[in-house]
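Residues or ranges marked as ATP binding site by TrEMBL: 10, 11, 12, 13, 14, 15, 119, 128, 129, 188. Sequence annotations record features per position, and here TrEMBL assigns AMP binding site to 36, 56, 57, 58, 149, 160. Under the heading domain 'Adenylate kinase active site lid', TrEMBL lists 119-151.
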């Protein structure tokens, strides 16, 4: 089974991908993580690192080569759970994983903004906290100053959400037309959302049978 997990910033798609990975014993492939963690000895390392260091999106053709190499590994023979791909129509034109199902995690715009603008990073250990969701005693465990990343400000978040609306939603709609889209309410705790994911997948599989 191949599942593609999509959703706006801070929708929890990475968390849901990991939970799906454990449940179905399939590898979770985060395209962003795959590119960031590319080993120095990899022939495409220099190209990927140059784009990342410059704050650019990694060249699509280069990203596709890295993805294809990963999914050719033996642990992907029965499928995989992927997130961080198909952000633009050009992504799918370059490489369409032809997923069995596409999970679109949906949260309100104001919730996405709240989750991202509330993120703080501890300068001492690099841990990520959220001032809106973590109890005060948890926040106080940070041994250093809590800082906000430049791209986690409300202005930056709104810009990213606009890009998601104009570039990614058309891809989502294409998957809807193909009959493989499953929309999931992303509000609530991760386990609550995952319960909806499993129920929706079970229903979708039954309807396909």
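For all residues, glycine too, the Cβ spot is worked out from N, Cα and C.
Please treat TrEMBL annotations as automatic predictions, because they have not gone through curation.
Since we're looking at a predicted model, the values are computed, not measured.
Positions of the features from TrEMBL, shown on the structure.
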{"residue": "10", "record": "ATP binding site", "Cβ neighbours (10 Å)": "24"}
{"residue": "12", "record": "ATP binding site", "Cβ neighbours (10 Å)": "21"}
{"residue": "36", "record": "AMP binding site", "Cβ neighbours (10 Å)": "12"}
{"residue": "56", "record": "AMP binding site", "Cβ neighbours (10 Å)": "9"}
{"residue": "57", "record": "AMP binding site", "Cβ neighbours (10 Å)": "12"}
{"residue": "58", "record": "AMP binding site", "Cβ neighbours (10 Å)": "22"}
{"residue": "119", "record": "ATP binding site", "Cβ neighbours (10 Å)": "19"}
{"residue": "129", "record": "ATP binding site", "Cβ neighbours (10 Å)": "17"}
{"residue": "149", "record": "AMP binding site", "Cβ neighbours (10 Å)": "12"}
{"residue": "160", "record": "AMP binding site", "Cβ neighbours (10 Å)": "17"}
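Within 10 Å of the Cα of residue 119 (ATP binding site), the following binding-site residues from the list 36, 56, 57, 58, 149, 160 place their own Cα: 149. Counting Cβ atoms from all protein chains shown, residue 14 (ATP binding site) has 18 others lying within 10 Å of its own Cβ.
Residue 149 (AMP binding site) and residue 129 (ATP binding site) are 12 Å apart (CA-CA, integer value). Counting in whole angstrom, residue 10 (ATP binding site) lies 20 from residue 56 (AMP binding site) by their C-alpha atoms.
DSSP assigns residue 119 (ATP binding site) to a strand segment in the three-state reduction. The two recorded residues residue 57 (AMP binding site) and residue 14 (ATP binding site) have their Cα atoms spaced 19 Å from each other.
A distance of 16 Å separates the Cα atom of residue 160 (AMP binding site) from that of residue 12 (ATP binding site).
In the three-state DSSP scheme, residue 129 (ATP binding site) is classed as strand.
Under the DSSP three-state reduction, residue 14 (ATP binding site) is assigned to helix. In this structure the alpha carbons, written CA, of residue 149 (AMP binding site) and residue 14 (ATP binding site) are 19 Å apart.
When the C-alpha distances from residue 14 (ATP binding site) to the binding-site residues 36, 56, 58 are tabulated, the minimum falls on 36.
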